[in-house]
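Quick notes on the structure that follows.
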Amino acid sequence: MQEPREQTLSQVNNPDASDEKPETSSLASNLSMSEEIMTCTDYIPRSSNDYTSQMYSAKPYAHILSVPVSETTYPGQTQYQTLQQSQPYAVYPQATQTYGLPPFASSTNASLIPTSSAIANIPAAAVASISNQDYPTYTILGQNQYQACYPSSSFGVTGQTNSDAETTTLAATTYQTEKPSAMVPAPATQRLPSDSSASPPLSQTTPNKDADDQARKNMTVKNRGKRKADASSSQDSELERVFLWDLDETIIIFHSLLTGSYAQKYGKDPTVVIGSGLTMEEMIFEVADTHLFFNDLEECDQVHVEDVASDDNGQDLSNYSFSTDGFSGSGGSGSHGSSVGVQGGVDWMRKLAFRYRKVREIYDKHKSNVGGLLSPQRKEALQRLRAEIEVLTDSWLGTALKSLLLIQSRKNCANVLITTTQLVPALAKVLLYGLGEIFPIENIYSATKIGKESCFERIVSRFGKKVTYVVIGDGRDEEIAAKQHNMPFWRITNHGDLVSLHQALELDFL
């Protein structure tokens, strides 16, 4: 049994010998292989260190060829039996768990890896050592390795470890499990920022919640105004162009009606024109005095409605009596005997802020329905008066409204009003002429106290220098202020200027 196997190995391991000596090969056909090997006396013995395990195949199957070995290797040497070591191979699967386990133990996709790819997943150090050896049980090794590395409860083990190789599904499951516990104490912590206890009992959170609700109801107008300012500032940051309008003789005809200059310029009946102007003036002061506290605020004029909002403490004004609070806009009352009643004092400024807050509420409520401030008779009278003025002025306001509405329709543009009229009468005038929807109250400025140029500076500081400003007016004040700030100025002197302005806006020149 040993001799035929040695004969086969000799033929495989000596291919060159048969090529170099053909006559010897022919002669060997008549002789037995065992005799040819035994008569070889020229063999020089070599030490066992000259041979590696790669030269000796330990495979039990003779028909599977090993890697060709050196032609100087002979199976008849005595060291052959001592170099065959099979025990290290038998314990190989247990020894490889130290480096075979880490690449696979943390993976949750074990079922997706085929068994035939086990060798590709062995570390580089192990592959280097395997390449120099010829293991007889590669397939068995791969199967044993996967069986040792993938227990049936691999998902549970991986979920409990804090491995960086967690899958997205497992991470999402862990987040959903921990999220409720992380969010539960948050409301109590936010409600009690000044509480010394880290985790207040639930019995303490209920009264504090009621206190928060009450505090929310009594929230100061300063904070409300700040939030409104923040909301408007976010909208202002998106603006690209701001149109600064004058009111009288630009959008509406009012002052020239009172003086009769309009009737003289356009050949109208002075009596009718002046009478219409006086009637409109009467309505303006009626609304200003009755609903907008002009009697109290005439001597306390402001440039903008929010100028005194910082003095408002947010008191509920539902049942507040403005007629009996002792406020005097012309100066302090000597009967108080303290600084709180003096003009500019804390109490006086607070009452002043109350009035401007109420003015804003009334304006916002009636900006699209000024008739709600008037009796039915006065409402009808206002409608007739506006129609008469529109006829007398040849649709001046209607022509200006075309440009105003076109600008308002643009998302990146805004209309801002700067007038030399005091703030409260200007608000009444805007409401009565039906311009409340065009000009929000925060976009209305009075230049009575500080002048047009200073108003322009405030507007530039609000909207920024990156915005393009276009000034539209009829007077020298607007023109000079526009030149000071390098703003283009569009002069309005007649109907043709309004028509040209609308055409320029339609063609996107402005």
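Glycine is no exception: its Cβ is also placed from the backbone N, Cα and C atoms.
According to Swiss-Prot, the protein carries these features:
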REGION    1-32  region 'Disordered'
COMPBIAS  7-16  compositional bias 'Polar residues'
REGION    175-233  region 'Disordered'
MOD_RES   S199  phosphoserine
MOD_RES   S203  phosphoserine
ACT_SITE  D246  active site, nucleophile
BINDING   D246, D248, D474  Mg(2+) binding site
ACT_SITE  D248  active site, proton donor
MOD_RES   S375  phosphoserine
MOD_RES   S409  phosphoserine
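Feature map: Swiss-Prot annotations on the structure.
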| residue | record | DSSP (3 states) |
| --- | --- | --- |
| D246 | active site, nucleophile | coil |
| S375 | phosphoserine | coil |
| S409 | phosphoserine | helix |
| D474 | Mg(2+) binding site | coil |
Spatially closest candidate among D246, D248, D474, the listed recorded positions, to S409 (phosphoserine) (Cα to Cα): D246
Chain-mates of D246, D248, D474 with C-beta within 8 Å of site centroid, Mg(2+): L247, E249, T250, I251, T419, G473, G475, E478, I492
C-alpha spacing of the residue listed as 'active site, nucleophile' relative to D474 (Mg(2+) binding site), in angstrom: 8
Chain-internal residues near D246 (active site, nucleophile), provided their CB is under 8 angstroms and they sit 6+ positions away: I418, T419, I472, G473, D474, G475, E478, I492
Protein Cβ atoms within 10 Å of D248 (Mg(2+) binding site), excluding its own: 19
Residue pair S375 (phosphoserine), D248 (Mg(2+) binding site) - Cα distance, angstrom, rounded: 26
Packing count at S375 (phosphoserine) (other Cβ atoms within 10 Å of its Cβ): 9
